[in-house]
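This report refers to the structure that appears directly beneath it.
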């Protein structure tokens with residue numbers, strides 16, 4: 001708002017989980033970047049939030065329209081941190097690259113003032129700024145050909161801009177270098193382009209590269225790489241991933257373990273020792289008489305000096321696209337074709353078309369070098385068409401027929417190519433279901449019967465999601481005879497009596513209750529403030545009240561349901577730990593969810609109370625016996641409340657634990673996962689867990 005004008009705009013504050021502040025641009029009513037006209041230097045801003053907002057604003061900046069750039073709001077990486085410190089990034093530099101340092105021949109422009117946050121203060125750079133904004137670099141290519149230029153630079157202060165470049169090499173090229181905003185501690189790389197966007201330059205021998213920075217801009221230059229035209233530029237210009245494996249892999253594994261013959265130090269010594277031992281000494285050069293320039297090869301690697309367009313360690317063949325060894329000449333063929341030793345163009349195998357760019361009929365997977373692959377569709381299994389998908393090679397299969405070539409029945413079917421359905425109970429069969437030749441059903445461990453529909457003695461309750469098919473009778477070791485109970489499914493829901501506990505996690509687990517109150521927002525919604533000092537850098541859990549504890553054998557096979565919601569602070573990092581802990585009989589059962597809750601989003605979870613979902617503190621899988629011992633006397637159920645070191649608030653919602661009762665409920669169904677044992681005399685209870693023998 002100015003003295004005479006009032007204009008409006010909107011912005012959306014998306015979640016910002018970074019250690020630095022985020023930026024957003026103000027938009028107009030059509031969702032475009034808003035433009036504001038100021039008729040004076042006195043401007044007032046009124047910021048009005050919509051609904052319940054919780055946001056911190058550091059500053060509001062007005063950018064002149066002609067200077068606007070998305071770089072002002074687009075975050076750029078600075079570095080990768082390891083143990084709290086920046087790690088120097090690496091870039092791929094091919095062996096055939098020619099590297100020229102900018103400080104060579106530009107002593108007057110040597111940078112005494114380096115970019116802020118640069119990884120190494122000993123890096124040699126030149127700086128272009130103000131009136132001193134032009135630099136020349138000279139070089140020489142090993143042989144005439146087409147080359148590309150990559151510049152390594154530092155540009156932390158401005159949005160993206162272009163630098164003018166002139167290349168002189170007998171010919172005169174006008175070019176440009178797009179310099180994106182680069183706050184990275186190890187710098188960035190960019191590809192030199194001609195004014196028409198072409199990145200290739202024809203060079204003969206010597207060249208001069210002249211670079212000019214725009215007025216009012218500052219840029220630091222490190223080095224230039226001169227690369228052949230067939231170099232993978234995407235890999236050269238992008239940072240390599242941080243490698244943290246063993247020393248040999250981290251130092252010597254770049255470029256598929258290629259070690260340049262000029263390499264010195266650890267990698268050269270290690271590779272020399274390994275290859276010498278493997279080859280039982282040095283190997284003869286055996287340079288090809290016709291294709292090499294000398295009979296002497298490199299002591300490290302054994303590469304012979306080859307004639308132009310000749311390749312191979314021994315210089316024994318023409319480079320791809322050339323013919324007539326040893327005087328290799330370029331093939332006059334489409335780029336997708338190769339030529340024979342006579343120069344005749346030949347398409348790759350099973351490729352057709354004038355440009356050798358199409359697969360022949362009944363083939364797929366075009367590749368300009370290896371050609372196409374045969375479909376090989378099974379004529380008995382396809383739906384009347386032997387042509388497969390030209391990209392994936394998948395043949396059109398008949399119903400219940402699968403496989404890329406339609407050569408077998410789908411699981412659960414037999415007698416290819418008719419593929420009739422096997423008469424098997426899917427609850428009791430393995431993933432393969434049945435034999436595709438005989439239709440014999442493949443039963444799970446605890447299942448038997450022609451259709452795999454019966455539980456073996458000592459087991460009960462056949463279920464599809466049970467890996468063993470049926471659950472083993474536990475019965476506290478008193479009997480091996482049991483069936484599924486006739487109880488009805490029920491739920492335990494209780495919102496009062498919840499506490500907050502802090503956990504010490506490891507091979508030995510301890511949980512301590514705190515005095516911090518849990519607020520009951522509603523009958524299904526509990527909340528807690530986590531800013532208390534007792535919770536700092538601790539893993540916090542909601543501790544269930546007594547209504548959920550005690551004898552909970554009837555909860556086996558049921559589900560524990562809950563929803564969690566938390567708000568993190570601006571700092572800290574994610575925390576690790578089990579999402580649910582159940583304690584009983586001096587045993588801790590730990591559940592780790594594959595999916596972790598996102599901040600400020602309600603996350604709903606369902607946990608089936610079966611042994612396959614829990615681990616012990618030692619990392620071993622929980623057994624049926626262990627989970628039943630815990631459920632016989634549950635001493636604690638803990639739901640994780642913190643997922644971030646610097647959490648602010650947390651909420652537990654819609655918590656319930658499945659159980660079973662004898663109260664009739666026509667809508668709930670039977671709790672068949674709960675065992676009902678045939679107990680011997682003197683024992684009673686669903687699992688023979690009570691002794692009623694009396695002494696007279």
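The backbone N, Cα and C atoms fix where each Cβ goes, glycine too.
So that you can see what the record holds, here are the features copied from TrEMBL:
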DISULFID  285-297  disulfide bond
DOMAIN    285-330  domain 'Laminin EGF-like'
DISULFID  287-304  disulfide bond
DISULFID  306-315  disulfide bond
DOMAIN    375-426  domain 'Laminin EGF-like'
DISULFID  397-406  disulfide bond
DOMAIN    493-676  domain 'Laminin IV type A'
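Positions of the features from TrEMBL, shown on the structure.
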{"residue": "285", "record": "disulfide bond", "DSSP class": "coil"}
{"residue": "297", "record": "disulfide bond", "DSSP class": "coil"}
{"residue": "304", "record": "disulfide bond", "DSSP class": "coil"}
{"residue": "315", "record": "disulfide bond", "DSSP class": "coil"}
{"residue": "397", "record": "disulfide bond", "DSSP class": "strand"}
{"residue": "406", "record": "disulfide bond", "DSSP class": "coil"}
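Sequence-distant neighbours of residue 306 (disulfide bond) (same chain, six or more apart, CB under 8 Å from its CB) are 291, 292, 293, 312, 315, listed in sequence order. When the CA atoms are compared, the disulfide-bonded residues lying within 10 A of residue 297 (disulfide bond) are 287, 304, out of the candidates 287, 304, 397, 406. With respect to residue 285 (disulfide bond), the closest of these disulfide-bonded residues in Cα terms is 304, chosen from 304, 397, 406. Look at the disulfide-bonded residues 285, 406 and count other Cβ atoms within 10 Å of each Cβ; 285 has the fewest. Taking all protein chains in view, 21 other C-beta atoms sit within 10 angstroms of the C-beta of residue 297 (disulfide bond). For the pair residue 304 (disulfide bond) and residue 406 (disulfide bond), the C-alpha distance works out to 50 angstrom.
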